[in-house]
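K.L.:
One structure coming up, written as structure tokens, with questions to follow.
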Amino acid sequence: MINKMEEEEVIERGKRVVMYGRYQRDLSEAAREEARRLRRLRKKRRRDDKLRQKELAATGKPRPRGKFFKVLGYIWRHTFARLGEDWIFLAVLGIITAILNFAMDRGIAICNNARMWMYNDLATSTFSQYVAWVSLPVCLILFAAGFVHIVAAQSIGSGIPEMKTILRGVHLKEYLTFRALISKLIGLTATLGSGLPLGKEGPSVHIASMVATLLSKLVTTFQGIYSNESRNSEMLAAACAVGVASCFAAPVGGVLFSIEVTTTYFAVRNYWRGFFAACCGAIMFRLLSVWSGAMPTIKPLFPTNLPQDFPFDPQEFAVFVLLGVVCGLLASLWIWLHRQYVLFMRNTKTLSNFLQKNRFIYPGFITLAVMSILFPPGIGKYMAAVLGNQEQVLSLFANFTWSDELTAEQASIVSHWRTPEVEYWGCLIIFFFSIFFLSMVSCTLPVPAGIFVPAFKMGASLGRFTGEVMHYFCPLGVAYGGHIQKILPGGYAVVGAAAFTGAVTHTVSTIVIVSEMTGQVTHLLGIMAAVLAANAVAALLGPSCFDSIILIKKLPYLPDLLSSASRMYDICVEDFMVREVKYIWNRMTFQQLKDLLKENKAIKSFPLVDSPASMVLLGSIHRWELVRVIERQVGRSRRLQVAAQWHRRALQDEARARTRRPSRFEVTPAPDMLHAPGTGMTRGSSLTTKDQGGLLPSPGQLFRPKSILKKTNSFTLTRGLASPPPQATTPSPASSPAQVYSTVTGAETRIRAAFEAIFRRSTLLQDVEGGLSDQLTPGLPRSPSINKKVQLPRERVCDMSPEDQKAWEQLEMAKEIDFDRMLGIARKRDLLPEDSEYEDETLYICHIDPAPFQLVERTSLLKVHSLFSTLGVSRAYVTAIGRLIGVVALKELRKAIEDVNSGVLTVATRPSPPTTPLPTIIKVPSTQPAPPSDSETAKLTTSEKT
């Protein structure tokens, strides 16, 4: 009996399927599939947007404007900004740089003390002492080399050559970042803690510059004034002074040194910035030493006790000048040998490739060799290797003669410079040449390091040797005016240190730096004479150490012109400019602009001309602005806006189609009336026309009509995601996919109502369970299949289909760009900022520079060099009567100067300009008489006088 009933049920179910069809999928499954499809489509659109940004090489990001930055900006504007933005910024810069330098000094001291503790206390034999002496430095150098290479390779070296290039107007990628700052701090601490003959002045300048850049970026997030390129250059110039001041506690000398080293033409308005920041840094640096207990009070870094009443005889000026000349010769030799050594290592392909593949072999081997030479029981005993840098300099500046009778304290100082085999004469010579060659080799290691301190030590040893020689030949001093004063070798050491350092760096500010470091001004005139002589000799023989590194690294820095070259006036800018200019023009299409940006990713700014035929220069536009123009035209926000408009139009057309008169071939759908409360209807009952009119909903309320000729009883659903253009959405009674067929069954009615509630909602879609109560007919019960809580995407926007998006983008990219209209609206907004009625509010106003830097074609090379150096210009357009004919950048100018200095580019060898046809002159007949010529005017004047 049961089997018979099951067979009848199966047959009845099959009949119902044949008659009415069957819903194949559950509602939750359909909703999940739809959500997955939308998620895939959304990810694809994001990838497309990122790909477009990457193709156009868009640079620059909008500033974060969150609540934190808004609050920070409010606090800044009502507190520090009232006191003075620059004052607070510079003070913070100096304090932070001083703290970082003091922390590095403490770390360096810990490493040196650990090395000496291992050498003196831990080791018991000579071999164990040697292992203890070289093991820690090798480990520190290997750690510094690996850490710097992994974190930021831009922190290798001194930093001053790169800062000269940056202040020149050239952007070096990732050189002033937070990663480079961390790499420089840790790498420099490990390098100087190893005990190698290296310094920290150049890295300190780089560290201060990175701190200034990071502070500028931080302040820019809530105060836009520091995003100005000119303001950043001013702050970097002040940061260079802070680096030297916080390193040696010499604010005045730091400002002058930064001016000499980093800039060719210095703006006087930046002097007070650098001096104020340097004073803050120097004061904080010395206060930290006092607060930490390292010093009892504030005093110079290398204090001396030279006599004040009679420091030296006037005849010693000749010796000071001679010492300066020798320092200039030896400094030039050091620079030349260093450059030749680096070039040899680089040009030897086999060695260079081997060292590049094995990055730790070279620094490990050089450190092992240098520390083996400095091993105290070995050669190091002749050069006071057990003393640190400060102790060595203080002993060389000692205010007594090493050959006289010494006290116990003085004898302890001289004992480091005297051995049973070699007297102090030989020790000073060995010390000078050891530091001379070891520092030259150590500077080539791939770690952060400077050269100021080794040069200072070399000059001090050379000056001390000269003073001891003078005391040997004149033990009682040089007689002058009946007064005899003993010669003080410590004064000669101070003079030699300033002269050698000035010769290496080609600066005269070392006069002030040495005076501030020693706290003495008694030998100021002698120091000036020696430094000037050393600079004259060194400048005659070759470039400075920083310029030499610029040449080795091939940084984009302008070389100096030869003053005696008269051909500088004969070579013009048209002889070396680039004639193939990449430009944009008015009324070009978006697709042409996109292709231009993709083909020229290295160009940061493009000139704007009137038309390709006239080539009249109208201005220049930055690359990021052009990218924003394209993004505003075909970006996501514009696409969603257009898609929403299409969707609204489609809904309006659909609503109008529902309200029209039904066709006589259409069947009006009805809800499930079986077991409806209050109707008294049962299955098998029929509805009269009157009942139909009172119970059936109006057309368009829940269902849509469908032609009776349709045989299938499955239905489709219009989601409204990819609406076609308005002209393609006109409905037709027989072919519109939005018209579906519905039978009088409660299940289909509930399923249809559920889909209508899900996919006909607003842009923010809530849960299905909470969103169906208002959409379903109040008299109809829910189906158990839709009582499940299905979580759909919370945010749903109306977007185009991929096919519609592609077609729409092609149409939009084919449109023309009206730069004149943008410029007109921008001028109108500038003149009337309160007027809100403009031609087009949705048009992106591109920032156009109406007056880019221009040169005429006959501008001489000397004038171009002066303009680029003075103004910090990195690019200039060359025009002829307003027409764009070329462009010149730092690269072309640098090559032209090098060619002219070497004699490659002369008047005879310069390229001939291309012949361009003269513009056609159209004479317009005038009805007015022509003005009189000069001769006729002179005749009339003479006749009137007579």
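Any Cβ shown, glycine's included, is placed from N, Cα and C.
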K.L.:
Can you dig out which of the ranges 465-484, 565-584 TrEMBL describes as transmembrane segment?
P.N.:
465-484
K.L.:
Test of understanding: applying the rule of at least three C-beta pairs under 8 Å (pairs 6 or more apart in sequence), is the transmembrane segment (360-379) touching the transmembrane segment (236-259)?
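P.N.:
Between the transmembrane segment (236-259) and the transmembrane segment (360-379), contact is absent.
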K.L.:
Considering pairs 6 or more residues apart, do the transmembrane segment (360-379) and the transmembrane segment (317-339) have at least three CB pairs under 8 Å?
P.N.:
no
K.L.:
In the same chain, who gets a Cβ under 8 Å from the transmembrane segment (317-339) while lying at least 6 residues past its ends?
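P.N.:
Residues packing against the transmembrane segment (317-339) from afar: 436, 440, 443-444, 455, 458-459, 462-463, 466, 470, 492, 495-496, 499-500, 503-504, 525-527, 529-538, 541-545, 548, 551-552.
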K.L.:
Out of 87-110, 130-156, 490-514, what stretch is closest in contact terms to the transmembrane segment (428-453), meaning most Cβ pairs under 8 angstroms?
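P.N.:
Out of the listed stretches, 130-156 contacts the transmembrane segment (428-453) most.
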K.L.:
Using a Cβ-Cβ cut-off of under 8 Å, list the residues of the same chain that are 6+ residues beyond the ends of the transmembrane segment (490-514) and lie near it.
P.N.:
244, 248, 250, 252-254, 256-257, 259-261, 304, 306, 311-312, 319-320, 323-324, 327-328, 330-332, 334-335, 393, 396-400, 451-452, 455-464, 466-467, 470, 520, 522-524, 526-528, 530-535, 537-539, 543-547
K.L.:
Take the domain 'CBS' (573-631) and count its residues per DSSP category (helix H/G/I, strand E/B, coil), listing them in that order.
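P.N.:
Computed counts for the domain 'CBS' (573-631) are 22 helix, 16 strand, 21 coil.
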